[in-house]
Amino acid sequence: MKVQLLKIPSHLIVAGSSWLSKIIIAGVQLASISYLISMLGEEKYAIFSLLTGLLVWCSAVDFGIGTGLQNYISECRAKNKSYDAYIKSALHLSFIAIIFFIALFYIFSGVISAKYLSSFHEVLQDKTRMLFFTSCLVFSSIGIGAIAYKILFAELVGWKANLLNALSYMIGMLGLLYIYYRGISVDIKLSLIVLYLPVGMISLCYIVYRYIKLYHVKTTKSHYIAILRRSSGFFLFTLLSIVVLQTDYMVISQRLTPADIVQYTVTMKIFGLVFFIYTAILQALWPICAELRVKQQWKKLNKMIGVNILLGSLYVVGCTIFIYLFKEQIFSVIAKDINYQVSILSFMLIGIYFCIRVWCDTYAMLLQSMNYLKILWILVPLQAIIGGIAQWYFSSTLGISGVLLGLIISFALTVFWGLPLTYLIKANKG
(Lines of atoms letter the chains of each structure in order from A and count residues from 1; the text may use other names and numbers.)
(Lines give C-alpha, C1' and ligand atoms only; values in the text may rest on other atoms or scores of the structure.)
Protein backbone atom coordinates (compact mmCIF):
# COMPACT_ATOMS: atom_id res chain seq x y z
CA MET A 1 0.00 0.00 0.00
CA LYS A 2 1.46 3.34 -1.10
CA VAL A 3 1.50 6.23 1.29
CA GLN A 4 0.70 9.46 -0.53
CA LEU A 5 2.59 12.37 0.93
CA LEU A 6 0.75 15.62 1.44
CA LYS A 7 1.83 18.06 -1.25
CA ILE A 8 2.25 21.58 0.08
CA PRO A 9 1.22 24.26 -2.45
CA SER A 10 4.24 26.12 -3.83
CA HIS A 11 2.85 29.52 -2.89
CA LEU A 12 2.59 28.42 0.75
CA ILE A 13 6.22 27.27 0.71
CA VAL A 14 7.24 30.65 -0.67
CA ALA A 15 4.94 32.43 1.79
CA GLY A 16 6.35 30.41 4.70
CA SER A 17 9.91 31.34 3.79
CA SER A 18 8.77 34.91 3.30
CA TRP A 19 7.22 34.96 6.78
CA LEU A 20 10.51 33.82 8.26
CA SER A 21 12.41 36.35 6.18
CA LYS A 22 10.07 39.21 7.09
CA ILE A 23 10.24 38.28 10.77
CA ILE A 24 14.04 38.39 10.60
CA ILE A 25 14.01 41.70 8.70
CA ALA A 26 11.47 43.31 11.02
CA GLY A 27 13.33 41.84 13.98
CA VAL A 28 16.53 43.50 12.78
CA GLN A 29 14.75 46.83 12.34
CA LEU A 30 13.16 46.63 15.77
CA ALA A 31 16.32 45.41 17.50
CA SER A 32 18.33 48.20 15.90
CA ILE A 33 16.12 50.89 17.46
CA SER A 34 17.52 50.52 20.96
CA TYR A 35 21.14 50.58 19.72
CA LEU A 36 20.54 53.52 17.38
CA ILE A 37 18.81 55.63 20.04
CA SER A 38 21.67 54.86 22.42
CA MET A 39 24.30 55.89 19.85
CA LEU A 40 22.50 58.82 18.21
CA GLY A 41 20.12 60.14 20.85
CA GLU A 42 16.36 60.70 20.46
CA GLU A 43 16.53 63.78 18.22
CA LYS A 44 19.05 62.34 15.76
CA TYR A 45 17.17 59.03 15.74
CA ALA A 46 14.06 61.00 14.72
CA ILE A 47 16.08 62.25 11.72
CA PHE A 48 17.25 58.70 11.03
CA SER A 49 13.61 57.53 11.06
CA LEU A 50 12.55 60.22 8.59
CA LEU A 51 15.41 59.30 6.27
CA THR A 52 14.45 55.62 6.32
CA GLY A 53 11.12 56.77 4.90
CA LEU A 54 13.07 57.42 1.68
CA LEU A 55 13.48 53.65 1.28
CA VAL A 56 9.91 53.43 0.01
CA TRP A 57 10.41 56.37 -2.36
CA CYS A 58 13.53 54.75 -3.79
CA SER A 59 11.61 51.56 -4.56
CA ALA A 60 10.49 53.43 -7.70
CA VAL A 61 13.99 53.80 -9.15
CA ASP A 62 13.53 50.71 -11.36
CA PHE A 63 10.79 52.55 -13.31
CA GLY A 64 8.43 49.62 -12.71
CA ILE A 65 10.70 47.35 -14.76
CA GLY A 66 10.84 44.66 -12.07
CA THR A 67 7.07 44.31 -11.78
CA GLY A 68 6.53 44.34 -15.54
CA LEU A 69 9.23 41.69 -15.92
CA GLN A 70 7.68 39.55 -13.20
CA ASN A 71 4.38 39.39 -15.08
CA TYR A 72 6.10 38.57 -18.38
CA ILE A 73 7.95 35.70 -16.73
CA SER A 74 4.69 34.34 -15.23
CA GLU A 75 2.93 34.57 -18.60
CA CYS A 76 5.80 32.89 -20.44
CA ARG A 77 5.90 30.10 -17.87
CA ALA A 78 2.15 29.51 -18.28
CA LYS A 79 2.71 29.15 -22.05
CA ASN A 80 6.00 27.20 -21.71
CA LYS A 81 7.98 29.91 -23.52
CA SER A 82 11.50 31.22 -22.87
CA TYR A 83 11.78 34.54 -21.07
CA ASP A 84 15.57 35.00 -20.98
CA ALA A 85 15.50 37.86 -23.50
CA TYR A 86 13.00 39.74 -21.35
CA ILE A 87 15.28 39.45 -18.31
CA LYS A 88 18.33 40.68 -20.19
CA SER A 89 16.40 43.59 -21.70
CA ALA A 90 15.05 44.53 -18.28
CA LEU A 91 18.54 44.56 -16.76
CA HIS A 92 19.83 46.86 -19.51
CA LEU A 93 16.95 49.25 -18.93
CA SER A 94 17.40 49.15 -15.15
CA PHE A 95 21.02 50.27 -15.51
CA ILE A 96 19.87 53.34 -17.45
CA ALA A 97 17.18 53.97 -14.82
CA ILE A 98 19.58 54.00 -11.88
CA ILE A 99 21.96 56.40 -13.65
CA PHE A 100 19.05 58.74 -14.35
CA PHE A 101 17.86 58.72 -10.75
CA ILE A 102 21.32 59.24 -9.29
CA ALA A 103 21.63 62.40 -11.38
CA LEU A 104 18.12 63.46 -10.34
CA PHE A 105 18.87 62.97 -6.64
CA TYR A 106 22.14 64.90 -6.93
CA ILE A 107 20.42 67.90 -8.52
CA PHE A 108 17.39 68.12 -6.23
CA SER A 109 18.71 66.84 -2.88
CA GLY A 110 19.43 70.33 -1.60
CA VAL A 111 15.95 71.70 -2.25
CA ILE A 112 14.02 68.65 -1.02
CA SER A 113 16.14 68.02 2.08
CA ALA A 114 15.85 71.66 3.16
CA LYS A 115 12.07 71.26 3.32
CA TYR A 116 11.83 67.63 4.49
CA LEU A 117 14.29 68.08 7.36
CA SER A 118 13.49 71.73 8.08
CA SER A 119 12.60 70.98 11.72
CA PHE A 120 16.16 69.75 12.34
CA HIS A 121 18.17 72.52 10.68
CA GLU A 122 20.00 73.43 13.91
CA VAL A 123 21.03 69.81 14.51
CA LEU A 124 22.21 69.10 10.96
CA GLN A 125 23.52 72.57 10.06
CA ASP A 126 25.15 72.29 6.60
CA LYS A 127 25.04 68.47 6.41
CA THR A 128 21.40 68.19 5.29
CA ARG A 129 21.98 67.90 1.53
CA MET A 130 24.78 65.33 1.65
CA LEU A 131 22.94 63.24 4.24
CA PHE A 132 19.81 63.21 2.09
CA PHE A 133 21.76 62.37 -1.09
CA THR A 134 23.69 59.55 0.61
CA SER A 135 20.44 58.08 1.93
CA CYS A 136 18.97 58.15 -1.58
CA LEU A 137 22.01 56.33 -3.00
CA VAL A 138 21.87 53.60 -0.37
CA PHE A 139 18.13 53.06 -0.72
CA SER A 140 18.31 53.19 -4.54
CA SER A 141 20.63 50.18 -4.48
CA ILE A 142 17.87 48.35 -2.60
CA GLY A 143 15.20 49.57 -5.03
CA ILE A 144 17.04 48.47 -8.17
CA GLY A 145 18.20 45.26 -6.52
CA ALA A 146 14.59 44.26 -5.89
CA ILE A 147 14.41 43.25 -9.57
CA ALA A 148 16.44 40.18 -8.61
CA TYR A 149 13.82 39.13 -6.08
CA LYS A 150 10.95 39.67 -8.53
CA ILE A 151 12.67 37.34 -10.99
CA LEU A 152 12.95 34.63 -8.35
CA PHE A 153 9.34 35.04 -7.23
CA ALA A 154 8.12 34.79 -10.82
CA GLU A 155 10.12 31.58 -11.21
CA LEU A 156 8.29 30.24 -8.11
CA VAL A 157 11.54 29.96 -6.15
CA GLY A 158 10.81 32.95 -3.97
CA TRP A 159 12.35 31.17 -1.00
CA LYS A 160 15.74 32.01 -2.51
CA ALA A 161 14.82 35.68 -2.61
CA ASN A 162 13.63 35.53 0.98
CA LEU A 163 16.86 33.85 2.08
CA LEU A 164 19.06 36.46 0.39
CA ASN A 165 16.99 39.34 1.72
CA ALA A 166 17.05 38.06 5.30
CA LEU A 167 20.79 37.40 5.08
CA SER A 168 21.48 40.94 3.87
CA TYR A 169 19.63 42.52 6.80
CA MET A 170 21.41 40.24 9.26
CA ILE A 171 24.77 41.38 7.86
CA GLY A 172 23.70 44.99 8.36
CA MET A 173 22.69 44.28 11.94
CA LEU A 174 26.00 42.55 12.65
CA GLY A 175 27.79 45.64 11.36
CA LEU A 176 25.74 47.84 13.68
CA LEU A 177 26.46 45.58 16.66
CA TYR A 178 30.17 45.65 15.85
CA ILE A 179 30.17 49.46 15.90
CA TYR A 180 28.13 49.57 19.11
CA TYR A 181 30.21 47.14 21.15
CA ARG A 182 33.52 48.48 19.85
CA GLY A 183 32.45 51.92 21.04
CA ILE A 184 33.03 53.49 17.62
CA SER A 185 31.57 56.99 17.30
CA VAL A 186 29.01 57.16 14.48
CA ASP A 187 26.77 59.75 12.91
CA ILE A 188 23.44 59.37 11.09
CA LYS A 189 25.06 58.83 7.67
CA LEU A 190 27.37 56.03 8.79
CA SER A 191 24.51 54.33 10.66
CA LEU A 192 22.41 54.28 7.47
CA ILE A 193 25.28 52.91 5.39
CA VAL A 194 26.19 50.16 7.85
CA LEU A 195 22.61 48.99 8.35
CA TYR A 196 21.20 49.25 4.82
CA LEU A 197 24.00 49.13 2.22
CA PRO A 198 24.45 45.31 2.53
CA VAL A 199 20.76 44.93 1.63
CA GLY A 200 21.30 46.57 -1.74
CA MET A 201 24.71 45.06 -2.47
CA ILE A 202 23.64 41.42 -2.08
CA SER A 203 20.68 41.75 -4.45
CA LEU A 204 22.83 43.66 -6.96
CA CYS A 205 25.38 40.84 -6.86
CA TYR A 206 22.62 38.40 -7.83
CA ILE A 207 21.61 40.66 -10.73
CA VAL A 208 25.21 40.62 -11.99
CA TYR A 209 25.21 36.82 -11.67
CA ARG A 210 22.01 36.47 -13.73
CA TYR A 211 23.31 38.87 -16.36
CA ILE A 212 26.52 36.88 -16.81
CA LYS A 213 24.43 33.73 -17.33
CA LEU A 214 22.39 35.53 -20.01
CA TYR A 215 25.33 37.18 -21.75
CA HIS A 216 24.88 35.03 -24.88
CA VAL A 217 21.12 35.67 -25.14
CA LYS A 218 19.97 37.78 -28.08
CA THR A 219 17.61 40.68 -27.44
CA THR A 220 15.55 42.64 -29.94
CA LYS A 221 13.95 46.05 -30.04
CA SER A 222 10.57 44.44 -29.41
CA HIS A 223 11.75 43.09 -26.03
CA TYR A 224 12.77 46.55 -24.84
CA ILE A 225 9.57 48.15 -26.10
CA ALA A 226 7.46 45.45 -24.44
CA ILE A 227 9.18 45.92 -21.08
CA LEU A 228 8.98 49.72 -21.28
CA ARG A 229 5.34 49.75 -22.35
CA ARG A 230 4.27 47.63 -19.43
CA SER A 231 6.68 49.00 -16.83
CA SER A 232 5.60 52.60 -17.42
CA GLY A 233 2.16 51.81 -16.04
CA PHE A 234 3.59 50.07 -13.00
CA PHE A 235 6.01 52.96 -12.42
CA LEU A 236 3.19 55.48 -12.39
CA PHE A 237 1.15 53.32 -10.03
CA THR A 238 4.15 52.77 -7.74
CA LEU A 239 4.87 56.49 -7.65
CA LEU A 240 1.27 57.34 -6.83
CA SER A 241 1.10 54.61 -4.17
CA ILE A 242 4.26 55.95 -2.57
CA VAL A 243 2.78 59.42 -2.40
CA VAL A 244 -0.26 57.94 -0.62
CA LEU A 245 1.63 55.68 1.78
CA GLN A 246 4.45 58.12 2.54
CA THR A 247 2.37 61.25 3.01
CA ASP A 248 2.41 60.50 6.72
CA TYR A 249 6.20 60.89 6.82
CA MET A 250 5.95 64.24 5.06
CA VAL A 251 3.28 65.35 7.53
CA ILE A 252 5.01 64.14 10.70
CA SER A 253 8.28 65.78 9.62
CA GLN A 254 6.46 69.13 9.76
CA ARG A 255 3.72 68.60 12.36
CA LEU A 256 5.02 66.33 15.14
CA THR A 257 7.69 66.83 17.77
CA PRO A 258 10.85 64.68 17.64
CA ALA A 259 9.47 62.58 20.54
CA ASP A 260 6.18 61.96 18.69
CA ILE A 261 8.05 61.17 15.46
CA VAL A 262 10.02 58.47 17.28
CA GLN A 263 6.87 57.04 18.89
CA TYR A 264 4.99 57.03 15.58
CA THR A 265 7.79 55.40 13.59
CA VAL A 266 8.52 52.79 16.26
CA THR A 267 4.82 51.86 16.49
CA MET A 268 4.45 51.61 12.72
CA LYS A 269 7.56 49.43 12.51
CA ILE A 270 6.01 47.01 14.99
CA PHE A 271 2.77 46.90 13.03
CA GLY A 272 4.86 46.71 9.88
CA LEU A 273 6.09 43.34 11.15
CA VAL A 274 2.46 42.28 11.56
CA PHE A 275 1.55 43.37 8.04
CA PHE A 276 4.74 41.91 6.54
CA ILE A 277 3.25 38.49 7.18
CA TYR A 278 0.26 39.25 4.98
CA THR A 279 2.25 41.00 2.26
CA ALA A 280 4.44 37.89 2.14
CA ILE A 281 1.37 35.89 1.15
CA LEU A 282 0.41 38.46 -1.49
CA GLN A 283 3.92 38.43 -2.89
CA ALA A 284 3.82 34.65 -3.19
CA LEU A 285 0.30 34.68 -4.66
CA TRP A 286 1.07 37.24 -7.37
CA PRO A 287 2.55 34.80 -9.96
CA ILE A 288 -0.10 32.20 -9.03
CA CYS A 289 -2.86 34.74 -9.69
CA ALA A 290 -1.25 35.76 -12.97
CA GLU A 291 -1.18 32.15 -14.17
CA LEU A 292 -4.77 31.48 -13.02
CA ARG A 293 -5.89 34.58 -14.90
CA VAL A 294 -4.16 33.41 -18.09
CA LYS A 295 -5.85 30.00 -17.70
CA GLN A 296 -9.25 31.69 -17.00
CA GLN A 297 -9.69 29.83 -13.70
CA TRP A 298 -11.73 32.62 -12.07
CA LYS A 299 -13.63 30.49 -9.55
CA LYS A 300 -10.44 29.12 -8.04
CA LEU A 301 -8.88 32.59 -8.02
CA ASN A 302 -11.86 34.22 -6.28
CA LYS A 303 -12.00 31.55 -3.59
CA MET A 304 -8.29 31.93 -2.86
CA ILE A 305 -8.64 35.70 -2.53
CA GLY A 306 -11.72 35.57 -0.28
CA VAL A 307 -10.07 33.21 2.18
CA ASN A 308 -6.91 35.33 2.32
CA ILE A 309 -8.79 38.57 3.01
CA LEU A 310 -10.85 37.01 5.82
CA LEU A 311 -7.88 35.38 7.53
CA GLY A 312 -5.73 38.47 7.01
CA SER A 313 -8.27 40.75 8.68
CA LEU A 314 -8.73 38.42 11.66
CA TYR A 315 -4.97 38.20 11.99
CA VAL A 316 -4.58 42.01 12.08
CA VAL A 317 -7.31 42.38 14.73
CA GLY A 318 -5.75 39.69 16.92
CA CYS A 319 -2.27 41.21 16.67
CA THR A 320 -3.57 44.71 17.45
CA ILE A 321 -5.22 43.48 20.66
CA PHE A 322 -2.09 41.56 21.65
CA ILE A 323 0.26 44.52 21.05
CA TYR A 324 -1.99 46.89 23.00
CA LEU A 325 -2.27 44.54 26.00
CA PHE A 326 1.49 44.01 26.17
CA LYS A 327 2.66 47.39 24.86
CA GLU A 328 4.60 48.29 28.00
CA GLN A 329 6.63 45.08 27.90
CA ILE A 330 7.16 45.29 24.14
CA PHE A 331 8.32 48.90 24.07
CA SER A 332 10.48 48.55 27.17
CA VAL A 333 12.55 46.04 25.19
CA ILE A 334 12.53 47.80 21.80
CA ALA A 335 12.94 51.42 22.84
CA LYS A 336 13.59 51.58 26.56
CA ASP A 337 15.09 55.07 26.36
CA ILE A 338 11.88 56.79 25.18
CA ASN A 339 8.76 57.74 27.11
CA TYR A 340 6.10 55.79 25.19
CA GLN A 341 2.61 57.34 25.39
CA VAL A 342 0.55 56.22 22.37
CA SER A 343 -3.19 56.28 23.21
CA ILE A 344 -5.81 53.53 22.89
CA LEU A 345 -7.47 55.64 20.17
CA SER A 346 -4.29 55.45 18.11
CA PHE A 347 -4.15 51.68 18.53
CA MET A 348 -7.77 51.32 17.40
CA LEU A 349 -7.09 53.48 14.35
CA ILE A 350 -3.97 51.48 13.50
CA GLY A 351 -5.99 48.25 13.63
CA ILE A 352 -8.68 49.70 11.34
CA TYR A 353 -6.05 51.08 8.97
CA PHE A 354 -4.26 47.77 8.51
CA CYS A 355 -7.54 45.85 8.06
CA ILE A 356 -8.35 48.26 5.24
CA ARG A 357 -4.86 47.66 3.85
CA VAL A 358 -5.50 43.90 3.79
CA TRP A 359 -8.57 44.47 1.61
CA CYS A 360 -7.09 47.15 -0.67
CA ASP A 361 -3.63 45.64 -1.15
CA THR A 362 -5.17 42.30 -2.13
CA TYR A 363 -7.27 43.81 -4.91
CA ALA A 364 -4.41 46.06 -6.00
CA MET A 365 -2.23 42.95 -6.38
CA LEU A 366 -4.97 41.22 -8.41
CA LEU A 367 -5.34 44.13 -10.82
CA GLN A 368 -1.57 44.43 -11.23
CA SER A 369 -1.29 40.69 -11.94
CA MET A 370 -3.90 41.30 -14.68
CA ASN A 371 -1.83 44.24 -16.01
CA TYR A 372 -4.85 46.50 -15.48
CA LEU A 373 -3.80 49.78 -13.94
CA LYS A 374 -6.13 52.44 -15.37
CA ILE A 375 -8.42 52.56 -12.33
CA LEU A 376 -5.37 52.95 -10.10
CA TRP A 377 -4.20 55.94 -12.12
CA ILE A 378 -7.57 57.56 -11.46
CA LEU A 379 -8.15 56.66 -7.80
CA VAL A 380 -4.65 56.86 -6.34
CA PRO A 381 -4.01 60.55 -7.18
CA LEU A 382 -7.39 61.38 -5.65
CA GLN A 383 -6.45 59.32 -2.60
CA ALA A 384 -3.14 61.17 -2.29
CA ILE A 385 -4.88 64.56 -2.31
CA ILE A 386 -7.52 63.49 0.22
CA GLY A 387 -4.90 61.83 2.44
CA GLY A 388 -2.54 64.79 2.44
CA ILE A 389 -5.27 67.29 3.32
CA ALA A 390 -6.88 65.06 5.96
CA GLN A 391 -3.60 64.17 7.68
CA TRP A 392 -2.42 67.78 7.71
CA TYR A 393 -5.74 68.99 9.14
CA PHE A 394 -6.33 66.33 11.81
CA SER A 395 -2.68 66.09 12.95
CA SER A 396 -2.84 69.69 14.16
CA THR A 397 -5.37 68.74 16.87
CA LEU A 398 -5.04 64.97 17.29
CA GLY A 399 -1.31 64.47 16.70
CA ILE A 400 -0.48 60.84 15.91
CA SER A 401 -4.17 59.84 15.90
CA GLY A 402 -4.86 62.61 13.39
CA VAL A 403 -2.28 61.24 10.97
CA LEU A 404 -3.84 57.77 11.23
CA LEU A 405 -7.38 59.12 10.80
CA GLY A 406 -6.29 60.94 7.66
CA LEU A 407 -4.86 57.71 6.24
CA ILE A 408 -8.10 55.82 6.91
CA ILE A 409 -10.26 58.51 5.30
CA SER A 410 -8.10 58.54 2.15
CA PHE A 411 -8.49 54.77 1.68
CA ALA A 412 -12.20 54.62 2.59
CA LEU A 413 -13.23 57.29 0.08
CA THR A 414 -11.30 55.87 -2.88
CA VAL A 415 -9.61 52.49 -3.34
CA PHE A 416 -11.59 50.63 -0.65
CA TRP A 417 -14.61 50.41 -2.96
CA GLY A 418 -13.04 51.24 -6.33
CA LEU A 419 -10.56 48.37 -6.57
CA PRO A 420 -12.91 45.43 -5.80
CA LEU A 421 -15.59 46.89 -8.08
CA THR A 422 -13.10 47.14 -10.94
CA TYR A 423 -11.86 43.60 -10.36
CA LEU A 424 -15.40 42.19 -10.45
CA ILE A 425 -16.12 43.98 -13.72
CA LYS A 426 -12.90 42.68 -15.30
CA ALA A 427 -13.42 39.14 -13.99
CA ASN A 428 -16.99 38.97 -15.34
CA LYS A 429 -15.74 40.02 -18.77
CA GLY A 430 -13.21 37.18 -18.56
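Each Cβ is built from the backbone N, Cα and C atoms, and glycine gets one as well.
For 23-39, 45-61, 96-112, 131-147, 163-179, 192-208, 236-252, 266-282, 309-325, 342-358, 373-389, 400-416, the entry in Swiss-Prot reads transmembrane segment.
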Positions whose Cβ lies under 8 angstroms from the transmembrane segment (192-208), at least six residues beyond its ends = 32, 48, 51-52, 55, 91, 94, 134-135, 138-149, 164-165, 167-169, 171-173, 175-176, 179, 186
Chain residues outside the transmembrane segment (45-61) and at least six past its termini with a C-beta under 8 angstroms from it = 33, 36-37, 97-98, 101, 116-117, 120, 123-124, 131-132, 135-136, 139-140, 142-144, 146, 188, 191-192, 196, 235, 238-239, 242, 245-246, 249, 252-253, 258-259, 261-262, 265
When each of 96-112, 131-147, 309-325, 342-358, 400-416 is checked against the transmembrane segment (236-252) for Cβ pairs under 8 Å, which one has the most?
-> 400-416
Which bits of the chain, at least 6 residues beyond where the transmembrane segment (23-39) starts or stops, bring a Cβ under 8 A of a Cβ in it?
-> 45, 48, 165-166, 169-170, 172-173, 176-177, 179-180, 186, 191, 195, 262, 266, 269-270, 272-273, 276-277, 333-338
Considering only the recorded stretches 96-112, 163-179, 309-325, 400-416, state which has the highest number of Cβ pairs under 8 Å to the transmembrane segment (131-147).
-> 96-112
Any residues 6+ beyond the ends of the transmembrane segment (163-179) with a Cβ under 8 Å from its own?
-> 17, 20-21, 24-25, 28-29, 31-32, 35-36, 39, 148-149, 186, 190-191, 194-203, 206
Taking residues 6+ outside the transmembrane segment (96-112), which of them lie with a CB under 8 Å of any CB in it?
-> 58, 61-63, 65, 128-130, 132-133, 136-137, 140, 144
